[in-house]
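Copied over from TrEMBL, here are the features:
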type	residues	note
ACT_SITE	Glu304	active site, proton donor/acceptor
DOMAIN	43-341	domain 'Peptidase M14'
Amino acid sequence: MAASFHLFFIIFLSGFAAFPIFSFVYANANTTQHSRTPINHHLYHSGEGLIEKIKSLVHRHPDKLTVETIQAGTKDYKADITVVTYSQNWEQSGDKSKLRILLSFGQHARELISSELALRILSALGEEQFPPEMDPASLHDTLENVVIKIVPMENLNGRKIVDAGELCERRNGRGVDLNRNWAVDWGKKEKDYDPAEEYPGTAPFSEPETQIMRKLAVSFNPHIWVNVHSGTDGLFMPYDHKKSTPDGLPSQRMRELLDELNVLYCGKRCLVGSGGAAVGYLAHGTATDYMYDVVRVPMAFTFEIYGDDKASGADCFKMFNPIDQTTFKVKADCLTLIVCFTL
């Protein structure tokens with residue numbers, strides 16, 4: 001299981017390891033201003049287009065990938081979340097001895113690169129885009145005792161708003177920040193609170209998207225949770241709502257892993273540690289804090305995979321997403337060298 005755990009992070013982190021390291025984006029993106037850089041549709045799928053491409057990929061590999069759509073909501077507001085499961089042996093996919101990994105992408109609508117990385121990872125798991133210098137049989141064998149559930153786009157309703165031209169929108173289809181809608185320290189507002197960015201909803205789990213994710217996490221009971229965002233280059237562990245990390249051996253192991261990954265993939269330049277301490281502000285009601293404190297996921301992380309601190313606060317597409325072919329393509333090409341080097 002240790003080998004599977006290690007290889008998973010190699011595959012996962014190599015997606016952003018070769019990007020230029022940027023400083024954290026401190027500026028709030030004002031949703032009343034227009035972005036100056038449009039979406040590069042040669043590089044990025046629409047939200048619905050990406051989901052359809054992922055479903056097509058899954059259908060090509062029924063031996064190891066399955067897909068389901070989970071729905072929740074009321075007559076006034078509904079949400080659909082697509083979940084892809086990777087397992088080599090479906091008869092044993094519920095085997096509690098397997099390493100279980102839960103990944104969520106696209107929680108914030110404007111962070112398009114997050115969901116594109118989900119597609120890249122699924123392509124590797126489907127053995128369509130694995131490193132050319134690596135034996136596919138080795139990859140297959142290493143992941144034999146792993147079950148991975150991937151949510152490629154948690155916030156499809158918000159993404160539709162971005163696709164329609166509101167490139168600074170990060171919230172869901174009715175204006176709630178899904179990463180402030182969880183129950184741990186929910187509703188607390190800092191002095192710089194901006195409802196256009198961080199509105200937490202009317203109550204914890206008021207939103208169908210977070211209801212679906214909570215139910216998925218509790219039923220799957222993962223060993224590892226990773227919530228993937230963009231805005232900086234950072235490897236974060238609990239807590240987000242305070243400037244400290246949990247006590248005990250599990251916390252120590254999380255920190256040791258992040259320190260190792262920072263050396264291997266960030267050249268020691270990634271922000272590392274407690275989200276609340278590392279990024280410069282506290283966040284209340286986040287998914288990662290809930291996964292660790294309530295669901296009791298042994299290793300719970302938030303990974304920030306890209307950020308351009310030179311972009312203005314109104315230029316949201318450029319701020320949160322690479323805009324050129326070269327930088328975008330590096331995310332996939334880097335997979336080869338890092339996997340082969342590390343193994």
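Positions of Cβ are set from backbone N, Cα and C atoms, glycine also.
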Seminar exercise, completed: Cβ proximity for the residue listed as 'active site, proton donor/acceptor', under 8 A, sequence spacing 6+, ordered by residue number, returns His229, Ser230, Gly231, Thr232, Asp233, Gly234, Leu235, Phe236, Leu271
Exercise. For the domain 'Peptidase M14' (43-341), what is the mean per-residue pLDDT, to the nearest integer?
Worked result: 89
